[in-house]
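A.B. asks: I'd like to ask you about the structure that follows.
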Protein chains: 2
Amino acid sequence: MNSKKLAEFLEYAASLCETREVRLTPQRLEVLSIIAASGKPVGAYEILQKLQQERPNAAPPTVYRALDFLQEQGLVHRLASLQAYLACNHPHDEHQGQFLICSDCGRVREMEDGAIHTSLCKAADKAGFDMDDEIVEILGRCGECKRVRS
Amino acid sequence: MNSKKLAEFLEYAASLCETREVRLTPQRLEVLSIIAASGKPVGAYEILQKLQQERPNAAPPTVYRALDFLQEQGLVHRLASLQAYLACNHPHDEHQGQFLICSDCGRVREMEDGAIHTSLCKAADKAGFDMDDEIVEILGRCGECKRVRS
DNA sequence: AATAATATTGTTACAATATAACATAACTCT
DNA sequence: AGAGTTATGTTATATTGTAACAATATTATT
Ligand SMILES: [Zn+2]
Ligand SMILES: [Zn+2]
Ligand SMILES: [Zn+2]
Ligand SMILES: [Zn+2]
């Protein structure tokens, strides 16, 4: 994420939190900024290291608490297959997103594909299952890496 | 999994490995048996504890190596969202499966839903993405737990 | 059968991810 | 100001997973 988009994103996040009357504290904002700036999924301890450059006494709970908040607000997603965190690319409302994860370059693209969601709902329904959350992570090679390799 | 189905499953696994000319050693079989017998996803260290009842000197690598083998053979799946392992319920060939995970009772149902797979392929394709693996885990409440609750 | 190559297991130590528990500080509301 | 709530500080620890190297067992080759 370039610095202009980053600034826009953080501003949007701030306004979103204001509307919801939840507190995007400086610390939470800093964690969000670290994640968004990286543009790729980042591990909690990687976040911690960067945070400690500004706040030397930050500890694991500092990061995990901020992550909990940011995930609740739909500003950050956790990628279960990577145990890493990614800024949402369209943080409108509560949603899970579906992810294309490139094993070569590590970049991730978030989608919100209606057809995928529908197929999941139908399958769950058929099984008499009441769906709360969906985790969809597709591993492979992105377009750029495909071209480079072949 | 009841003991009859368990025996069938283990026998089938054995024949599968024989056909493939890979070695389902006693240790690997024991790990598979522990996972299959539990009928629910089990953590690696839970497996280790049970394994140690028979093999007191089993250590984490013992379990993780067996898990690697069993996953390669498609006999066991890893659930990324739970960091736990589950015996495959139809171990025919290489496949990933899609999972309905009940947050109440912890039971998991494995599906192989063609429509889900197709929708993932289409979405990946549209994004110019070359799909290797798919991770689909649906969290919610199973039919039984729904009835009990409501 | 002896040898070499490969695959599996044993063993120790450690890395990486995440949480519990309790104290302190800040904010909000009356 | 005081009480209740939310957020942060701090220490310790739980949980999950690997690295590295030695010892055994299996398989293939002579
Ligand atoms: Zn999103
Ligand atoms: Zn790529
Ligand atoms: Zn399966
Ligand atoms: Zn259930």
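Every residue number used here counts from 1 along the chain in the order it is shown.
Note that Cβ sites are derived from N, Cα and C of the backbone, with glycine treated the same way.
Unlike curated records, TrEMBL annotations are generated automatically.
Pasting the feature list from TrEMBL:
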BINDING   B:His92  Fe cation binding site
BINDING   B:Cys102, B:Cys105, B:Cys142, B:Cys145  Zn(2+) binding site
A.B. asks: Give me the sequence-ordered set of same-chain residues, not including B:Cys102, B:Cys105, B:Cys142, B:Cys145, with a C-beta within 8 angstroms of the centroid of the Zn(2+) site's C-beta atoms.
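C.D. replies: Once B:Cys102, B:Cys105, B:Cys142, B:Cys145 are set aside, the remaining close residues are B:Ser103, B:Asp104, B:Gly106, B:Arg107, B:Arg141, B:Gly143, B:Glu144, B:Lys146.
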A.B. asks: Could you check the binding-site residues B:Cys102, B:Cys105, B:Cys142, B:Cys145 and say which one's CB has the fewest neighbouring CB atoms inside 10 Å?
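C.D. replies: Among the binding-site residues B:Cys102, B:Cys105, B:Cys142, B:Cys145, the lowest count of other Cβ atoms within 10 Å belongs to B:Cys105.
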A.B. asks: Return only the integer: C-alpha distance in Å from B:Cys145 (Zn(2+) binding site) to the residue listed as 'Fe cation binding site'.
C.D. replies: 30
A.B. asks: Using Cα coordinates, what distance in whole Å links B:Cys142 (Zn(2+) binding site) and the residue listed as 'Fe cation binding site'?
C.D. replies: 25
A.B. asks: Give me the long-range Cβ neighbours of B:His92 (Fe cation binding site): same chain, 6+ apart, Cβ under 8 Å, in sequence order.
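C.D. replies: The answer is B:Gly74.
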